[in-house]
Amino acid sequence: MCDSSSKTKQRSPAWEHFDKVEPNKVRCLHCSQELSYSGSTSNLLNHMRNKHQPGRVNPVNPPVNPPVNPENPELRKKQIDLALVKMLVSLRWSFSHVNGEGFRNMVKVLDPNYVIPSPSELKL
């Protein structure tokens, strides 16, 4: 007999690429396109496969990021956080990679003042 309380609901990998903007609408983190959402992630996964498949000739997001603003620490943090999310999503890595010792050491060498956000902060 299976106890339903012991089951854990699995979250679709699609949610690493989308933010919910309304109850029935999501926004792609890659291209900002809004899509309908009705409880199933099929539409989201199709969008990822059709628009953001690795190796596509015309990528939606150009690889160039705006220069980071060193004079405004709050804006600088937001820009780095966004670049971090884009990197994780483009590599199809879990946000939990930011907890890795090697990743943390590399970031500390690049910018000792940057505070790496937690995986849950990145998803917001």
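Yeah, the Cβs are placed from backbone N, Cα and C, and that goes for glycine too.
Here's what TrEMBL has on this protein:
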type: DOMAIN; residues: 9-52; note: domain 'BED-type'
type: REGION; residues: 42-73; note: region 'Disordered'
type: COMPBIAS; residues: 60-70; note: compositional bias 'Pro residues'
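Secondary structure of the domain 'BED-type' (9-52) per DSSP, as helix, strand and coil residue counts: 14 helix, 12 strand, 18 coil. Here the domain 'BED-type' (9-52) has a mean pLDDT of 82 out of 100.
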